[in-house]
Amino acid sequence: MKIVRDYKEGEPVLHLKLEDETPLEYPVGPKGNPLPFLRNPDILVGENDLTALSYLHEPAVLHNLKVRFLEPNHIYTYCGIVLVAINPYEQLHIYGEEVIRAYSGQNMGDMDPHIFAVAEEAYKQMARDERNQSIIVSGESGAGKTVSAKYAMRFFATVGGSTSDTNVEEKVLASNPIMEAIGNAKTTRNDNSSRFGKYIQIGFSRHYHIIGANMRTYLLEKSRVVFQAEEERNYHIFYQLCASASSPEFKDLGLTSAEDFTFTSMGENIFIEGVNDAQDLEKTREAFTLLGIKDASQSSLFKVVASILHLGNIDILVDRSGDSCHVSKDDLHLQHFCRLLGVELKQMEHWLCHRKLVTASETYVKNMSSKQAENARDALAKLIYARMFDWIVQHINKALHTTAKQHSFIGVLDIYGFETFEVNSFEQFCINYANEKLQQQFNSHVFKLEQEEYMKELIPWTLIDFYDNQPCIDLIEARLGVLDLLDEECKVPKGTDQNWAQKLYKQHSSSVHFQKPRMSNISFIIIHFADKVEYQCEGFLEKNRDTVYEEQINILKASEFQLVADLFHDKDDVAPQKSSRVNVRPAKPTPRGPNKEHRKTVGHQFRSSLHLLMETLNATTPHYVRCIKPNDFKEAFSFDSKRAVQQLRACGVLETIRISAAGYPSRWTYPDFFSRYRVLLKKSDMTADRKLVCKNLLETLIKESDMFQFGKTKIFFRAGQVAYLEKLRADRFRSACIKIQKTVRGWLQRVRYRKVRKMAVTLQRYGRGYLARRHADFLRLSRATLICQKQFRMVRDRRAFLRERRAVVTIQAFTRGMFTRRIYQEFLLHHKAQVIQKTVRGWLQRRRFLRARGAAVTVQCAFRQLLARRRLQQLKVEARSAERLKKLNTGMENKIVQLQRKMDDQSKELRTQNDQLLQVNTGLGSEVNKLQKQLEQVKSRQVGGARGGAQISSLQEELDKLREELQEASAQRKRMEEDHGNEKMGEYRGKRVEQLEAENALLKRDKEEMNQKMLQQARISGEGSSSEAQAALQKELDDERQRYQNHLKEFTRLEQRYDNLKEELSLSKPGHRRNPSNLSSLESDSNYTSISTSEVGDTEDSIQLVEEMGVEKAAMDIGLFMKLQKRVRELEQERKRLQVNLDKMEDSPSEQEMADQAYNNLKREELESENKKLKNNLNELRKSIADRASQNDSSNELQDGYNLLLSQLRSANEELDGRKEEVLILRTQIVSAAQQQENKDKVPEVNNSNEPVDKEEAAKAYHGLCEYEMMTLRLLEAQLQTQSRQHKDELEALHTQIELLRDDIEKKQELLNYTAALSPEARVEYSVQQEITRLTNDNLDLKELVEKLEKNERKLKKQLRIYMKKVQELEVAQAAAQTSRSRPELSRQVTVQRKEKDFEGMLEYYKEDEALLFKTLITDIRPTTVGATVPCLPAYILFMCIRHADYVNADQKVESLLTSTINSIKKVLKKNNEDFEMTSFWLANTSRLLHCLKQYSGDEVFMTQNTGKQNEHCLKNFDLAEYRQVLSDLSIQIYQQLIKVAEGIIQPMIVSAMLESESIPSLAGVKPMGYRNRSSSMDINGGPTSYTLQALIRQLGQFYATMQDHGLDPEIVGQVVRQLFHCINVFTLNNLLLRKDVCSWSTGMQLRYNTSQMEEWLRGNNLFQSKAAATLKPVIQAAQLLQVKKKTTQDAEAICSLCTALSTQQIVKILNLYTPLNEFEERVTVSFIRSIQNRPPQSTDPPQLLMDTKHMFPVLFPYTPSALSLETLHIPASLGLDFLVRV
């Protein structure tokens, strides 16, 4: 609202105007309606610190919180030292690790309010002041206390993670799900309400790493175990177990659904929306396991929980008398209860309904009523659960305990806030008592901080009156207070709640904070600091006593389960000591006093623990988090102002505001005040002393001196004075704007007048010219009209004449054509009649011949059959004689061959005869059918005589002849139509050929031009495809490199951790030990297995090929992909062939091994003949295919080739069938002959038993015949199998060839159809592309051949090197055997004779000087030592030593040299892990050594740029590919260390240089800041160091100059710069997203200027091509977003199209944070931000808000050979390498 008219004191009405421009008359009265509160300026609305508001009152505070919560959805706001956290009831992505890293190390006032900022402030003060800290989180149930405490602990676990393997931080976080399961429950206000208070102390070591933790709990709500209100639940653990009751491990618990148990079904709703109890139980069990609680203990705990549920379901039955009760023995739940706890059923059944009374003389057992028994049962259930809760907390503390010394700790207190309900009982009383104590501590701390601030600034201190709640605390805890009277009443045997209430009325009726209700005698009222609360006295005594009968506890102590017994054994119980004295028992048993623990009431215990807590908090520095519940309906981002005000009063936030408002709440530093309000100064008032200028200005502007005070560094203002100064500043700006607008408008009017006058003159000139031109056009059109009329008439008459002549010619043509066609038709009919006659006569002759031949064949068959029977009889007679058998045996081989030939002939004749018989049968069948039909017709018409029948038969024959002639005529007609169609097609084809020839002639002339166009199009398309392929290939390579380098980074971290552990072990064990410096690097420093040098060489070649060609060319090499495809096809064919061979080998018969030499020879001859046949067939096939491919029109040739292939296949099949039939016939003949022989042998054996000689001869002859027949049978079977296999293989091969040919034909047919459908130009282009493809394939074949030859050549060279090495080793061994034992002279290669003066670029040293070499060249060297020499001199020297070791073939020396080099470099880098210069120096030398090993390796890939001399210096004997890989990994590790060091140097400079420094002077404005910007963390040593953009650029320049001086490769330098620019972008953007004070138009201008300066630095150092500028794209777009217009829908579309590198979440966050610095800027409306949010998100949008600060681009080390010759290298004497000898 705005005041429309000035208000004078005494006026009854205040004239106002609302925000929607509606007027309002506000009545004002001296008593009824006071003046409304003043509103803060717009610049202060939405401020992140409430103490920064100029007007501090409840409406301003509430409005500010509401604006921040609803519009930009900011849930955190500072209020002095308090963080106000409003529960959003929605999951927000502001708690990730990126946010933790962003807040880590930052001052509290620099970033937006956050729970992480409070945690970082506590962590920083603990480290700086070495004082323990506490974070106190309080609020109502459902306000988010538990979540806030959880996130604070997560921050400490992430920032202060332990360095050992104990993972204490994980255990601390793992305690949360356990405590939530056993201590949280659903209430009407919160689904996960903590029903207990806890204080977690996180211990830190001297290095501020987490080493342990400890947890203390307060006032567990035990009554919830046995009672829940409507819509509430019991503790989560009960429902988790019931949800998992069906699991096998929980079946013995006897649980069912939670609805079946009394203790879990009172709230009538056992479910929570969005919560899966079974999954939560799994998380709880995982947390138990992580904290070291074994499965057996977990099972016992679950049994205890289940027993509580069964205890609640035990049915207590009332006896008839009504004064006693009992429990049924068959009660299933009682059985389960006793079984699960391991107690006796009878005792528990008895003591559930009875109690023991102990007097001085005797003991009584008394029956209990059902009500008393139920109360006792509920008390037992509460006790069991409380003891289990304490046991779990105790074991969590054991798991979190550490033996190391705790240096300091941070405590996180998650405690209940002030509570008031309709019915308030003992729990609410204790909670509010604790909040009274915490509020008193909070008030005193705030007052103390205010006092310290005034004293530090030397401000006159006046006592501020603040609310002191000590009288209320005394009312509760003092002597004869509420708690004291309650404990006294509990000691009275028959004390009641009513008696206690009367004592309260009597004792405290005069107290200001105590009241008695008018309508009740069993309640009392206490006036707390937050509100009045009425407490009901009913149940206070019972809850304070917490009575449980001793008998029930003794039963549980005697449990057979150790865990259950431990729960109920008191801590003070000790085992009785043995004594030798005689025990004397008294005559009467003395009653045993109750346990000390049981004598303590709940109130007494709570008061003691609360006092201990307050002592702990007072000994620490507190930090406050107040959680606010915005509404009671759990609606997301819904704000109820009334509920918020109640909670703000209850948690002390408004008291903080009141204390601040009582003094000087607004505070400005002198520079900030001068920068903001210097527009109010006059030019004459400006002096060099800004402090004096500010004093003079304030004395001029504010007349009342009490409204401000001048401190040492700040100016202090009363409430409202900053708003008054803002009004003066706005008025000054407004008057200046009016003056500027007046001047500009006059200038615009003058410019407009001149423009209008000039336009009028110009229009007149152009108008006159237009009229003149139009008249000239009229004259020109008149003359043209006459000419057009003349020409039109001439054309009309000529067209009529041509039309008549064309009609006459057409009529003549049609007439002549008609007469010609008539003549042609007559000629055609005569020709057809002749053809029909010829065909009919031929058919009659053929039918007559076939009948005669059939009869002759029938006669011949009958005669031959007769001769065959006679011959068969003769053969049977001859077969009975023995001589015949001998002849048969001797001539069997010849007969077999003859039989084979005869069977071939007979089979062929049989096939032909069968074909003829089939034809004859079909003909005869058709004739029989015709005759039958004729016969039926004759029978039906038999009326006449023989003359009529003969006439009918003759007519029938004539009819058949006519039908046959008709069929022949129709067939002839079809053939003639086809011939005619072919002739027409031929004519059409001829015409088409002529047209194509003409077109071809035209195309030949434009051939070259078309080729040029096609080449240009190919280049364009190649460029387009190359860019896409380049991007895809580059991305794939980067991903692969990043994965590998991440693994390498992890390996480095593990190696460093191993070294640290080894050092700790060496320090922990006393005594002398040897340093294992002689270990091999391949064992200790690397993890690489032994690989073949050929594979390594191929890998290196491929990598080097990609590096040399470049990513773009590699992506364009289409031949590479075609080559791979071709190779894949070949491998697939080879696999199939091998599989077929394997199948053949498996199926080969065993008889093949028994074949003799004769069979092998016969088989070889047959195979040779078959091979010749197959070769001939294959040659014919190839010839036909080649002829077909050579012709243009190949349709007929393709058909011929296909027919030829089919004919060959048929012939092969026929031959195979013939062979099969021959073999079958021979087998049947042999078997029948063998059976006949056996019969003949049996007959002589019976009849001629008296002739043994003949019998033996016959037996020998028979056995010989059988053996021969078996051998022959085996040969034939083996031959048949081999031939069948061969035929199958041939058949398969032919089938595959047919398929290939078919595919080829189909492809060519498709190509032919495709080319026919193309235009002539496209056809030429397509033909050229086909030719290019063919040439590419040929070229690939040649390349493959060349590669095979080169590979063979390399293999031969390697073998030659191996042989040379062996020869040299032999020579060296012989020479060593001849030399003496004295120290040998430095060896030279005898075979090479060189002059002494020639230097071959090798250095030699003694073996004992190797340690000195590494000490001088690696360990002790500094970059400045070799600064004036050749860059990378140590790398060259080391390589020359390696060259000599290779020259003399000393493999041990090479291995030792390389291994020691790598280990020494690692030690130096570990020692100087924060020195950028040393890291850069060794990165350059390591990469140069790697390049030298490649350049002189002898591989042709690396020798392309070498000189002839350098090629002579290549290594001769060793392949160091494995060491190259190790050096490459070491280079990556050094690069990562270099990036880490550089980022650590520039990281503190980034935010200050990019966002805070004024690169453009007088552009940035200053806003009023609150308490957080005067936090104690910022006032140490003058505050943080301020860096400018020039300082950041100078630092980058130093990095660049250092890398250049060390000779680092330019490509690596570019990658380092790119990574550093990415770091600058990430930290700048993340800070921008978390700071409201920098999200303004002026900051956007500054940021854009800063980024342009960074880009200019890149251009000045020729680094713009390193892709470093692209990493700044998100920051640049964020700066543009701060500057663009943000009002309309078009603006939203423009923002979305502009900010492509920012996610939608980041854009919305910046728009929410955007803050105008003066009245002329406007805030971004909520509707505009919603329009951005409602747009569909991009697929590449990351889920997190902040960018990853640990992201590292994959590094690539390109091969860069050195142009320096080794023989020209000079080693300075200052290095002290005199022991090296030049060779």
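Placement of Cβ uses the backbone N, Cα and C atoms for every residue, glycine included.
Source: prediction; values computed, not measured.
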Could you tell me which of the ranges 24-49, 128-153, 1012-1037, 1220-1245 is annotated in TrEMBL as region 'Disordered'?
1012-1037
For the coiled coil (1273-1373), would you mind checking the mean pLDDT of the predicted model?
74
ATP site shell beyond G139, E140, S141, G142, A143, G144, K145, T146, criterion: Cβ within 8 Å of Cβ centroid:
N87, N190, S193, S194, G417, C627, K629
Given a separation of at least six residues and a C-beta threshold under 8 Å, show me what packs close to K145 (ATP binding site) in the same chain.
V137, S138, G139, S194, D414, I415, Y416, G417, C627
Which has the fewest other Cβ atoms within 10 Å: G139, G142, G144, the binding-site residues listed?
G142
Return the count of C-beta atoms lying within 10 angstroms of the C-beta of S141 (ATP binding site), excluding that atom itself.
20
When neighbour density is defined as the number of other C-beta atoms within 10 angstroms of a residue's C-beta, which of the binding-site residues E140, A143, T146 has the lowest density?
T146
